[in-house]
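Asks: In case it's useful when we look at the structure, here is the feature table from Swiss-Prot:
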REGION    1-23  region 'Disordered'
COMPBIAS  7-20  compositional bias 'Basic and acidic residues'
REGION    33-41  region 'N0 binding'
REGION    38-320  region 'Disordered'
COMPBIAS  50-59  compositional bias 'Polar residues'
MOD_RES   Ser68  phosphoserine
COMPBIAS  83-101  compositional bias 'Basic and acidic residues'
MOD_RES   Ser125  phosphoserine
COMPBIAS  150-168  compositional bias 'Basic and acidic residues'
COMPBIAS  191-206  compositional bias 'Polar residues'
MOD_RES   Ser192  phosphoserine
MOD_RES   Ser249  phosphoserine
MOD_RES   Ser257  phosphoserine
MOD_RES   Ser260  phosphoserine
REGION    344-411  region 'Multimerization'
REGION    345-412  region 'Bipartite nucleocapsid binding domain 1'
REGION    362-432  region 'Multimerization'
COILED    364-429  coiled coil
REGION    412-445  region 'L protein binding'
REGION    413-445  region 'L protein binding'
MOD_RES   Ser447  phosphoserine
MOD_RES   Ser449  phosphoserine
REGION    479-568  region 'Interaction with the nucleocapsid (N-RNA)'
REGION    479-568  region 'Bipartite nucleocapsid binding domain 2'
REGION    495-516  region 'Disordered'
REGION    547-566  region 'Formation of N-RNA complex involved in transcription and replication'
Amino acid sequence: MDQDAFILKEDSEVEREAPGGRESLSDVIGFLDAVLSSEPTDIGGDRSWLHNTINTPQGPGSAHRAKSEGEGEVSTPSTQDNRSGEESRVSGRTSKPEAEAHAGNLDKQNIHRAFGGRTGTNSVSQDLGDGGDSGILENPPNERGYPRSGIEDENREMAAHPDKRGEDQAEGLPEEVRGGTSLPDEGEGGASNNGRSMEPGSSHSARVTGVLVIPSPELEEAVLRRNKRRPTNSGSKPLTPATVPGTRSPPLNRYNSTGSPPGKPPSTQDEHINSGDTPAVRVKDRKPPIGTRSVSDCPANGRPIHPGLETDSTKKGIGENTSSMKEMATLLTSLGVIQSAQEFESSRDASYVFARRALKSANYAEMTFNVCGLILSAEKSSARKVDENKQLLKQIQESVESFRDIYKRFSEYQKEQNSLLMSNLSTLHIITDRGGKTDNTDSLTRSPSVFAKSKENKTKATRFDPSMETLEDMKYKPDLIREDEFRDEIRNPLYQERDTEPRASNASRLLPSKEKPTMHSLRLVIESSPLSRAEKAAYVKSLSKCKTDQEVKAVMELVEEDIESLTN
């Protein structure tokens, strides 16, 4: 009965108020809807929402939702983005003027009074808290220009700036981080939220301080399209109710206590990225945390006005790059790659140039470019060295092959020399007797195989040995070439000259001759002896005059004696 009386009292206040009083009525109805549709344990657990002002014209309505264990959804009509109600309002009432919407609202209130005979909590629950469409506009037009709730504010911001949503998708961040609280799934009638809890927030949120104009149907359609793409990212990590309020409570309390100018736009995306429960995606973002940033650091474009921190960080990065270059030069010097650190800084080699540029890089793109250049230059230098090594190996192989040819020819030449030496040794063994006699075992001296005429040694008749022709420098002289002093003694000079022509060679001894072979050989012995020229001529002349063998023997004995006297 108290609740019905409270509703009737509010209805009477609505009748006395101007048409602009619908804002307080919707707040009250949303308050009752929250009371009736939630369990007593949930209401007794957290009563922070009781302290929020309901009908204050300065701030927006309660901007938070609460979901109890996946059961009923508690939300204020001024902030709840009811999917079915939003679609029906956009599709059916986008062209309806605000006056008709206000008239329809009053008709719904009259219908509610007509059924006021039913008393008790059941009738109120059937009219207000059944979870369906109660006929009351849950999101009335913003006639007074009050700030919208946080969810709608972010939805319109994301619709106006679709590039922010593209950044979220490109960086792989969950949309709950930048897009604010999640919206219920449309497929289940708005009654379930897939286990995702709503993050409660204060009415004086940092993102809702700007005054927005009346939303256009295009913006609402953009919001609906954004919310329809939400189930594709349902697998992302949901925000837990234990961590989300703790991470956002400092900025909410700060803005709630200090206040902010009415022209303040929603906070930038970096505040949501740098929160405690989200991974640090941007490594090179050197912006200070939320608690240390001032209110005036965020202009309309979302970028900081004062570049002091960025300049300091840039100078710090340059100092770090310089120190890293010094460390790299020291390391290369210690490893023996370069002689000194000055060589690393002043070298014009491609690898060193790209290494210095990579160490001085200001962002990842430049560093990646320089590292790629470093790798390619190192690969090029290594390929060049490989080619040089191949050429060197080829030259070494050619020289080895030439050495093999030289060794082969030298070995063949050595074999020829060895065979020639062995043949000379065998010839020398034939000429000289190395004591192979069986009858003269006492004497150890070597006896020559060719014996000269001597008085002591006449035991063996000596025959002419043709091998004497090859001894020393003695050359074969033809038989019939006479000396000049013998010309006067030639009886028939024409006949002698005629016989000289065919015998003027070493092969003349093979031709038939009138002279006996023995006489011819004796003459050769005399000619090859070390006697003087006159003595040789005298002995040859006396030998030619011999008629018997005894005379020849006597002449040869005289020749041998003269030879012995010369040799001794």
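Indices start at 1 and increase along the chain as displayed.
Placed from the backbone N, Cα and C atoms, the Cβ positions cover glycine too.
Worth saying up front: this structure is predicted, and the values here are computed from it rather than measured.
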Asks: Which whole number is the mean pLDDT over the region 'Formation of N-RNA complex involved in transcription and replication' (547-566)?
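Replies: Over the region 'Formation of N-RNA complex involved in transcription and replication' (547-566), the predicted model scores a mean pLDDT of 89.
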Asks: Run through the region 'Multimerization' (344-411) and tell me, per DSSP, how many residues are helix, strand and coil.
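Replies: Result for the region 'Multimerization' (344-411), in helix, strand, coil order: 61 helix, 0 strand, 7 coil.
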Asks: Where DSSP helix means H, G or I and strand means E or B, what are the helix, strand and coil counts for the region 'Formation of N-RNA complex involved in transcription and replication' (547-566)?
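Replies: Result for the region 'Formation of N-RNA complex involved in transcription and replication' (547-566), in helix, strand, coil order: 18 helix, 0 strand, 2 coil.
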